[in-house]
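Peer 1: I have a structure here, written as structure tokens, and I will follow up with some questions on it.
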Amino acid sequence: MRSQDLHQRLADLGAKPLHCGRIVRAWLQGRALDACTARQRAEDFLPLGVRHGLPQVAAELEGIARLHSEHPASDGSSRLLVELADRQMVESVLLPRGGLCVSTQVGCAVGCVFCMTGRSGLLRQVGSLEMVAQVVLARRRRAVKKVVFMGMGEPAHNLDNVLEAIDLLGTDGGIGHKNLVFSTVGDPRVFERLPRQRVKPALALSLHSTRAELRRQLLPKAPPLSPEELVEAGEAYARRVDYPIQYQWTLLEGINDSLEEMDGILRLLKGRFAVMNLIPYNSMDGDAYRRPSGERIVELVRYLHSRGVLTKVRNSAGQDIDGGCGQLRARATQGTAERRIPARQA
């Protein structure tokens, strides 16, 4: 089901645009579809046919996604394993201070070598209302004021559905445009389409290395943009929407944590409208990668920050409960057969 399908479903019951707006807003806030306002009861506002049909609509919306399990962590985050209607699983993460990270695909075709999600390949796309349903489930647990499309999947490979979800959350969902974050490895279509949207989200770009060859090794199926081209495209978008690009850098000991790489970051980002997020690697079973020591991470942050690049450390939420992206899903689906599909282009 997509957004237009929901509106058509309500229209078939006799709902006018004003009625649809209230019903959709109630759902997006995690409330009952016939939730009244302080000044008006549902029976005084919604047509009889709509009121009679709402229980069935509510059941259909509940069937889009359900909470399979919740895993609170010591850092205040909570990982949600969400089961979709076809029994596929995706993850979303409730973050401290009102944030939520949602998944846009079941699996991923990019195949980043340090990501658990990429190991399964792409299984299927997540629909726009399946993304929104992750927000609804989260809002029933705590307030959500920021949504980052940074969970399982590459949003650029499911662009139509992601942009539709962003539009819905940025309008009827009541989330500020700067608090909607589109994360991508850097697909040219993103830079073409995002500036034309009614809701223009913040942008996070996966950099991970300033050396083109190493970046290709780390992100083997990412579009062939050089680090320089990626930063130029990001800067143009940042200046257009007037908020900075977040550059993502997963810190891998002995691979991309050298001073040579840090000098490359300074070369690319100094003077840019940008924030560098250093993300210490979250170890997975059976892999050869490690995060640098805490002392080394502090050293790198100080090196960049003191030379003019705003730098933050972003630890993966819920590290004590298999917090790496895709790890909960991998554990839940262990032993089940899965079929990979090629990425559907937007």
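Glycine too: its Cβ is placed from the backbone N, Cα and C atoms.
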Peer 1: Return the residue out of Ser183, Ser258, Ser306 that Swiss-Prot annotates for the same S-adenosyl-L-methionine site as Gly153, Glu154, Ser206, Leu207, His208, Asn282.
Peer 2: Ser183
Peer 1: What is the average pLDDT across the domain 'Radical SAM core' (94-320)?
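Peer 2: Residues in the domain 'Radical SAM core' (94-320) carry a mean pLDDT of 95 in this prediction.
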Peer 1: Within a 10 Å radius of its Cβ, which of these recorded positions (Cys101, Cys108, Cys115) has the fewest neighbouring Cβ atoms?
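Peer 2: Checked Cys101, Cys108, Cys115; of these recorded positions, fewest Cβ neighbours within 10 Å: Cys115.
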Peer 1: Between the binding-site residues Cys108, Cys112, Cys115, which lies closest to Ser206 (S-adenosyl-L-methionine binding site), Cα to Cα?
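Peer 2: Closest recorded candidate to Ser206 (S-adenosyl-L-methionine binding site) by Cα: Cys112.
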Peer 1: Just checking the recorded positions Glu91, Gly153, Glu154, Leu207, His208, Asn282: which sit within 10 A of Cys108 ([4Fe-4S] cluster binding site), CA to CA?
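Peer 2: Gly153, Glu154, listed in sequence order.
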Peer 1: How many other Cβ atoms are found within 10 Å of the Cβ atom of His208 (S-adenosyl-L-methionine binding site), counting all protein chains shown?
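Peer 2: Here the count is 27.
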Peer 1: Measure from the CA atom of Cys101 (disulfide bond) to the CA atom of His208 (S-adenosyl-L-methionine binding site) and give the result in Å, rounded to a whole number.
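Peer 2: Between the Cα atoms of His208 (S-adenosyl-L-methionine binding site) and Cys101 (disulfide bond), the distance comes to 20 Å.
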Peer 1: I'd like to confirm something. Which of the recorded positions, Glu91, Cys101, Cys112, Cys115, has a Cα closest to the Cα of Leu207 (S-adenosyl-L-methionine binding site)?
Peer 2: Cys112
